[in-house]
Amino acid sequence: MENREPKLKQAPYFRCEKGPNWVPVCQKCEACVLAWKIFATKEWFRRVNDISQRRFLVSILGQLNSLYLLQYFQNILETTQGKDFIYNRSRIKLSRKGGKEEEVVKSSLNQMLDKTVERKMKEILYWFGNSTHRTKANYTLLLLQMCDSNLLLTAANVIRVLFMKEWNSISGLHDDTPDVMFFPEKKYSGTQDTSYVSWAARPKPVSFPMSKHLGNKLGTENVDRETTEGKGESSLQCIHEMNRQIFGKGGMSRLGDDPCNLLLSLDHVQLLSSGYSKYRDFIRDLPLHLSKYILRMLDKHSLNRCIFVSQHWATLAQQVKVDQSMHSFIQNQISLLQVTKEEKQAYTGSYTRGIDPNYANKVSIPVPKIVDDGKRSRSKNQKWKLRTKTDYNLWNAYQNQETQLVQMEERNVFCGTYNIRVLSDTFDQNRIIHYNGGDLMAISSNRKIHLLDIMQTKELPIEFRGHAGSVRALFLSEEDNILLSGSYDLSIRYWDVKTGACVRIFYGHQGTITCLDVYKNRLVSGAKDGQVKEWDIETGKCLKTFKHKDPILAAKISETYIVSSCERGIVKVWHVVTAQLQKTLTGHEGAVKCLFFNEWHLVSGGADGLVMAWSMVGKYERCLMAFKHPKEVLQVSLLYLRVISACGDGKIRIYNFLNGNCLKVIKVDARGDPVLSFFYQGNRMVAHTDSNILVFQFENVKWQYSSDKNKVKKSKDKEEEREETSLGDEHSRSTIQGHSLKDSVSSKQEFSKSRVHLKQTKNLSSDDMETPVGEVSHPLQKLWKVPMTPDRFLLTISALQQAHNSEEFAYPHRPRPQVIDAWGPSIPYPRKVLSLKGKSVQHAVDQLRSSNLPTGVRQTNIPLEIQKLQPNLKKSLHSPRVQATVPQPSLIRPKVSDSLRGDEHLTSSIDGTMRRAGPLTSMQVIKPNRMLAPRGGTATLSPKKERPRFYTTLDPLRMNTGFMLMTVKEEKEFAEAKMKEYEASVSTKEVDPGKASKAAWIRKIKGLPIDNFMKEGKTAAPELGQNVFI
């Protein structure tokens, strides 16, 4: 019990009893000696340089050979690891006036002091090593009061290293170690896992190297500990023994061969002040390329934190930054070389792939159906099935869910042309901005906030000061005269925009403020402490608190809901009134950095490069749509069913929320810097990157809705039809001549003028005629809308023969006859269906003959001439040597007026009169109607190298060539008659002996069997037939 020390908490209250408290009288007691040593230390400690201060402080702490003393100072210096202490220590020290002169004077004084200070340090260390625990505690406390923030941090690191070394040494004691005593604290309880104790016996040192190289080096220098016997040994040997216990085998450091050298060297000081960790730095042991590969996976913020881990990590982090910047530069150069046509149009502001920047429409969008109790209703009898690429749209997103249609408006916002104005081109990684419409924008890069006039590109003289830390979140409402700022100092400040005064401060968060949002008089804030708080702006009170397990990155508020997201990738929807969690949305594989929601939908953007769309109705938690990005999404918004997103590749994209198509790509910065945020109001958009702030001014758009477009299109079609009708009437009046009756009649053919609008005829009596429904009207698209000119009208007749053979028209715009037949008649006549029930067929035929054509129909009679062609008869079937019934080819074309041609009259192959075709048939004799036509050249045929074609003369009257209704018996008889007619037309052909001989030789050469080859050895038998041999 002799080694037992009093409680150190009472050590500062020990004073000399022989004199007053402020002047030590006795110079022999412990309190007086301590006071004198403190006074002597103050004379030189604050005047020496930082290196000397650090050496002396670390040497003093190295003399603390008690575990209880180390724990006591470790608890005192625990506050140095706090956030406010670190921030205060990292602040830049502003130089005072005349700093250079003071540095020169201080350097000269240091040179004079260095000669005597080292001797004074060793004297105090010698005295400190022989002092009691109470004296060591008092002197150390007073010495720490003279240290600045950097020295206090060094002291905390050294004490932590010494404590861990001493604790590991105690845990390595052998079981037979005698005289082990400990003194637990007052709050000690047997249920605690660990208890810090003070050991009275000297423990056995255990090697604890700081690094592999140092451990091997120091391990060879360890010597056996010399044991002290009795009290006659000198104090120097005792101090040397103590230092060997602390530094010798512990692997920390050794003072050298001189036992009186108590002042540590700079290498030992740096080793002790570097800190201690029981974990091993595996990054340091890995090869350089693997270490850089691992650090390259971190984001930008985490990589900046790695710089403060150690010097080795700082070097690696700097190299990774340089590699990433060079890689991004190379990729940008490659992308500029490989830019496509669509991207060029997108970068220049034009829309691509036929996107209409004026498009607008009102569509019905499905949303989950909610029953009366607030729960969503599920649809029955629906099976899950795989969806194709075309099925990924909003209408097919709801599976196994009943929906209802809600009318919404869609527009192609920000898809037109724009102008760019640069507000700032200064590179600043710490800059944040906020713009909410109007002419002012809030900017902050440090603890101060400024306002920028967008129209004049000028910074206002008002400056907002008051934050103790850098500003991390801003919200500006110029209309409501509100400016809110969240800072690193854990506070939220409410500023007056006009005066710059701080109106109110909101306290409550325990982490850095990361996001702010306002709805009316309600404020929502998120911080790194994982809390989302709702505040009343007028009173400054916290109304509700919502919690996450990870730091909050985004938070939004509306009248009904509060939506928040965290670094884990979880999005939570809270109800404002009941403060209950409505639903939790999971799907992102990284941190969700931005949010936006309205009454029906919610969009979230994350570090995984996805923008996910969700439903805000009820508790439906499935993802509706996903929009892929090449890099992380930093800002997202939803406007008129268009998703606007800012990506880390330096581009703003506009997607169609309904089908996921990308409508527009806007390249904000040519360097490819990430688009940190964007804000829009009307036709103006503000984009923010690390290197600049840009304003995109889009053109004013007059939205054209689809219903208006249809009306305009119908009106245009009607106007075109009216113009075509009027033109057709005038053309028919000028080109068509009236009929003239004369005695001479020539061949004629009747044609009806095309593209004439007919009036519907009066229906026949219901007893005789029936008009089927749906066969009267045809769409306008089915009409043949090719304008009919005189030349085209004449060419129609010459193309009849080719149309009859190839079933194709000579016009490039008119469809084939099969298609026209499928469409039905181009003129909307009511189809007449004979009703012969109870009536004779002859009566119906007479009634049809007596019926006239509808009024308004004009008939044009055009005479035709038939010209027989004279082909080359040498290789033709019409040669006299060939007996065939193939008719001679002929050409049918309209007969041109003789008054316009000087040639001889063409003779018609048809003599007599022309028969006019009425509704059925008629034998009226009509006079030919001469038609004016331009001079046409005669058709020349080239029979050589061309396969002969066979033409049949068309029946100009078109009699018995239409559809005939027959019974089975009549059809059989008709087929037999046609067969007999064909057999009668085919006659036996005379065999040319020369050709037969040639063919026989050819067969002989090919090796084919020939029965009557050369007719050798055979006897002619003419009585049996011509060319018959026996």
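Count begins at 1; order follows the chain as displayed.
Heads up, the Cβ atoms here are built off N, Cα and C, so glycines get one too.
The following features are taken from Swiss-Prot:
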COMPBIAS  716-733  compositional bias 'Basic and acidic residues'
COMPBIAS  734-749  compositional bias 'Polar residues'
REPEAT    508-547  repeat 'WD 2'
REPEAT    587-624  repeat 'WD 4'
REPEAT    626-667  repeat 'WD 5'
DSSP helix, strand and coil counts for the repeat 'WD 5' (626-667)?
0 helix, 28 strand, 14 coil
Based on DSSP, tally up the residues of the repeat 'WD 4' (587-624) by helix, strand and coil.
0 helix, 18 strand, 20 coil
Along the repeat 'WD 2' (508-547), what average pLDDT does this model show?
90
Taking DSSP states H, G and I as helix and E and B as strand, how many residues of the repeat 'WD 2' (508-547) are helix, strand and coil?
0 helix, 25 strand, 15 coil
